[in-house]
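Remarks on the structure that follows.
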Amino acid sequence: MSNHRYHGGGSYMHPRMYPHHFTYVSSCVKYLIFLLNFLFWLFGGLLMAIGIYAFMDKLKDGNGWVRLETIYDVIFNISLVMIIAGIVIFVVSFAGCLGALRENTCLLKFYSMCLLVFFLMEMAIAIICFVFPQNMNSFLELQFTDKIIHSYRDDSDLQNFIDFAQQEFKCCGLSNAGYQDWSKNEYFNCSSPSVEKCGVPYSCCINATDISSGLVNIMCGYGVQEHSVAAASKRIWTSGCIEIVRVWAERNLYVIAGVALGIALLQLFVIYLAKTLEGQIEMQKSRWS
């Protein structure tokens with residue numbers, strides 16, 4: 001049988017020959033990857049810009065000095081965490097954008113590898129949290145309680161975050177000791193010369209805001225450390241935030257699992273798209289060679 005196909009007029013074409021404009025690279029896959037990463041690139045840039053602005057503002061308030069002596073100083077510095085997260089998102093999504101647009105397999109390999117690493121890290125954290133919740137509780141209490149409580153007044157961003165968390169989850173302190181955690185802070189310790197001694201932040205109070213005036217009573221938690229749990233519970237939330245958050249997560253387990261699964265599937269889909277485009281580019285290169 002002949003290996004050639006004959007066309008009208010007696011001309012023929014080899015079966016492996018394609019029209020001049022033919023390409024293995026799918027425009028749909030290419031520009032879908034570009035669009036997704038362009039949005040994340042903008043988000044990463046915005047996150048980085050906000051973090052830099054907040055960090056510079058903090059430098060100004062601290063007379064050009066911010067404490068960064070240990071890894072915990074970095075973790076608890078929210079503006080610095082925003083900058084680092086923004087840089088990572090910016091660089092990875094830029095690699096995805098440029099790799100797709102320029103059909104660069106090296107950038108696409110770097111991009112898909114980064115996504116795979118992020119995916120595996122997220123899965124590891126999720127498994128540890130769901131399989132060993134009590135161990136995770138103990139670890140967080142041991143590693144972060146003292147450091148967060150000590151740093152409450154040293155960092156305005158951290159202070160605002162703690163106040164928000166205590167008001168939102170109706171808790172006080174972090175560990176099982178609850179509101180008594182605040183005795184570890186130099187301002188709220190009962191031996192402190194401060195007017196806040198034996199107190200807790202206003203965000204622990206059940207009714208911190210005056211209904212008639214709308215003003216926040218920042219002294220509502222003064223002196224409560226001297227009271228028993230029963231007496232203190234009339235004025236403030238007494239349970240630690242780590243346990244409260246754990247209970248909240250258990251109550252909303254299906255919602256959290258659904259969101260986590262959605263994010264995981266999206267990441268896998270994007271990794272699949274990147275590897276598909278990478279394969280198409282390699283096929284196109286082999287056609288040219």
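Every residue gets a Cβ built from N, Cα and C, even glycine.
Small disclaimer: the values here were computed from a predicted structure and weren't measured.
Feature list (source: TrEMBL):
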DISULFID  C172-C190  disulfide bond
TRANSMEM  31-55  transmembrane segment
TRANSMEM  75-98  transmembrane segment
TRANSMEM  110-133  transmembrane segment
TRANSMEM  253-274  transmembrane segment
Fewest-neighbour residue among disulfide-bonded residues, criterion Cβ within 10 Å, set C172, C190:
C190
Mind pulling out the one from 31-55, 75-98, 253-274 with the most Cβ pairs under 8 angstroms to the transmembrane segment (110-133)?
253-274
Near the transmembrane segment (31-55), which residues from the same chain, at least 6 beyond its ends, have a CB less than 8 A from one of its CBs?
66, 77-94, 96-97, 99-101, 111, 157, 270, 273-274, 277
